[in-house]
Every structure is written in C-alpha cells, then in structure tokens.
C-alpha cells in the first residue's frame, strides 16, 4: 500500500490543502450570515439555519459502530470519515457527523481522535485540542453548579442540603486519577464546609449529555433545571433550579449548543459536536448536529463510541428514541487483528497470519451482527484492512459474514482515502434501500431491573444481573421519584461483551455486576455502573502527552 504509511497522521493533515470553511458551507447552501466563523477553517452554525431548513426532507442515516476493540482501537472514526469521502466518488452527497475529541485520551492513549491516515477531519490539531471551546463551556457550566452548591452550604444552607448525599460531581477534560475522590473545604471556616467530593471527566458529565440531547436553548434550560444534584437531610431531591443556577449555566452554553462545521482531507463537510464517551456515558454526537445534517445531504454518516454493545445500543435506545430518528443502515467495523485478539492471540502477535485464531474470534463478530439485527436495521460489515491481512483470512471473513446475513466490504480508507471506500459506499447505498423495521430493545414503561436485564442477557449474553445493596437502594429511590420510565445507560468496559475486560470473544456463564445506579434526571436516563468502571480515567505509564510538542513556528507534532 506504499509510501503513504511513512507519514504520520499529523504530517498528512498538515500537508492537506484545506478549503475556506465558507466554501464548504456554500457546498451545503449555507449562507455567510448563517455562519459564525472561528478563523478560516472552523465555524459554528447559526440557529437561523435550523429554522430555515426545518421543512426539508431528511436524507438517509447511517450509523458506524464496531466489534469489541483492541486497546489500539479498530478505526471506526477513520472508516466513518473514509465512507463520507467515498460517497461523492459514486455521485452521492454526504455529510459526516462526529463527536468532538476529549483531551483525556488525546494526552493519554490515543494521541488524537480525528480519524487516521488519509481519512481525517481537519484542522486536526485544533479539533483534537481546544477546537471551538465547547468542552470548556460544558466544564464551566458543570463546575458553576458545583460552586453554587458549596456556596449555598457555606451561606447558611437554606435548602438543608445533606452533604453526604450530594451526587453531582465536579469535572475536567483530563485523565487525572488523583481527583477521583477528594476532600474539599479544608483550611478553616472561611474556606467552606469540609466534605468528600469527586471529579469525573467532562465527557461523562450530565451537562455534556444534556447539551447533546437538547433540541434548543429552551429544552437545554428545562433539562438543566431538572438536574438532581443531591438530597436534603429529610431525603427530598434537590434540583439545579432550586439554586437558581439554570440561567447562568445556559448562558455559558449558548454558543456551545451550536453545531461546529469543519471538513475532511478531501473537503467533505463534517459536523463535529458534543463528545460523550460510550463506555461511561451515552456515546453519541449531538441531536442538533445530526438532525441538521439530515436536512443537507442524501446520506449522513455518524458514529457511536466503542463497540455495538455500548455506543450503538445507546444510539438506538437513547438518542434515536428521544430524537425521533430512524437509522437506515449500520456499518459494523471489524479488523482481522481484533478478531484474532478475541480468539486468544496476544496483542503483539495479531499481525501474524493465523486463520484458526481468526475463526475462534469470529464469535465476537457474530454476537455484534446478531445484536444489531435485533434492532431491525440492515448490517454491512466493513473490514478495516491492514497490510498484514492475508487473502485467506479475508475470504474466511467474507464467507462468515454472508452466512450471517450481513453485507461485506473491505475498507482501505486509511491508506487510500475516499477511493479506498468506494466498495463500502456502494454496499451501504444499496443497504439503505433495504426494508428496515427499526425497534428499540425495550419499552420505557418496563421496570428498571427488567430493562437492565434485557441489556445484560440479550446484548451482552449474560445469565443475569447481580445488584449491590447501593444499586438496589438507588433503584428504589428512582422508583419512588416516579422516574423509572427512563432509558438505561450502561457504564461498562469496552473491551468485552461482559463487565470483565479480560473475558474476550463471546463470553458464556457470567453475570453483570451492577455496582452503582444513578439518575441523570436532566439528561433523561439512568446510569448503571458495572464492574470496576471509572468515570475519571488515569494516564498510562507513558502518556501520549510525552510525545507531543510545538515548535517556534507553531507547528504541533506528536498527535497521531
């Protein structure tokens, strides 16, 4: 596949000839007064655009998801971008809708999250770092509420807040394990009331979820007001609106709620907006960006985080349910190396040809195909090809996918850009014409434990669910509040269908361990934290940050 592999992602991105964002906007019939420019290559979209396009018909909605990944990831965003670049090559107008990267994994493991090779969104450095400031605004709004909680306690505590039952956490957009559990208010009376507190990463914040699910400012304010931040000493739930925090929080978010427009290396328009993780949050870009993109293109390609057991399930059961969206096709990204890994091969040996291990690991692919078919949407399996994949291995995969009732395409968009995704694009377009009977996994009025059990048994393959005393108590509290009719957002490891990252393939004879359950009343879902999941990750032994630098001319290196 040639010399192109010698260039890093950031080198490829820096050599790209970007068009001015006004040109990209013009290709979508967006007028200059409907753009809010952030330099020459980034823009936010004005609210007036949404109103102008309200009556236009929607294009086709394509979701890109994946099997359970190796720690390196399997190229889901790369495939999403590459497919978007391939669509114009077969005469189709396409828009891509992605999440914004978090600084946590950028400086932790990934080193960047804007696609890879010749299928990237640009300006890559800006997107991976501060971008248009959305995450800063979300972090600020979240922490404003936290500051107002502790200030209220300090100023006399008229709401009788029980400091042992404050459930709303501070956040920051960084991997920093030292802040998971802290004591605040030390240093005497003038420095606040001492209590235990916690940080989570911004992408797991309820404010992030609210921004991504809100339709407009009024909806945003209503959801912010419904946030339950804690309980009084009598056990009464306390809301953000009780602190009169909603107006100021919404003011901080007034620009962040507007979708961002950028482009790919091949100038395909891309909306990047919102960024909840799929393992500890609902894992989808904003409803506003998705709905807006559907008014502008024949095909909208979006992605949901990690494997289909996490991101895709939440896309269907949370995002599509709330937004009234109907997906036309799902692209399931898999790699030969990940299937070998799921077949028991060590990570460092996955590039060695091994058909037996591939076949052993295909049970994981089988589970994901069957899970997606449960939702009634046609499936196209996209094999993200690596140079070490053999023809024999690819032939085995094609035969297997066909037997499962799924379409199959080889994707080479990393090395070839849109040209490497033409086969996939043709399969996806044809798949979008197939009849689909989209349905969610469960009805909202089903009891909480039955909804959790449906996810555990039908999607993960578990025998059942074991609840901690704390989880049981939380479910009773949610029932008592009359909020049991909300969708479930499972917080679970991305590396396994189970809640144990070491159980690869298609595990059998296991249970899901529900450690904690919490109500995200403003976002409108119930989070179930399983296993040892952390809502504030830590950095690895050698963080990606160690390789990132900037020279005197402002050129950044080390983002990959």
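Note that Cβ sites are derived from N, Cα and C of the backbone, with glycine treated the same way.
Here is what Swiss-Prot says about this protein:
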type	residues	note
BINDING	70, 71, 72, 73, 74, 75, 76, 77	ATP binding site
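Annotation for residue 74 (ATP binding site): spatial neighbours 66, 67, 333, 334, 335, 338, 384, criterion Cβ-Cβ under 8 Å with sequence separation of six or more.
Neighbours of the ATP site: apart from 70, 71, 72, 73, 74, 75, 76, 77, residues of the same chain with C-beta atoms within 8 angstroms of the site's C-beta centroid are 66, 69, 335, 338.
Its Cβ placed at the centre, residue 77 (ATP binding site) has 26 other Cβ atoms within 10 Å.
Other Cβ atoms within 10 Å of the Cβ of residue 73 (ATP binding site), summed over all protein chains shown, number 21. The binding-site residues examined here are 71, 75; by Cβ neighbour count within 10 Å, the least packed of them is 71. Annotation note: residue 76 (ATP binding site) sits in a helical segment as assigned by DSSP. Cβ contacts within 10 Å of residue 70 (ATP binding site), excluding its own Cβ and spanning all protein chains shown: 18. Cβ contacts within 10 Å of residue 72 (ATP binding site), excluding its own Cβ and spanning all protein chains shown: 14.
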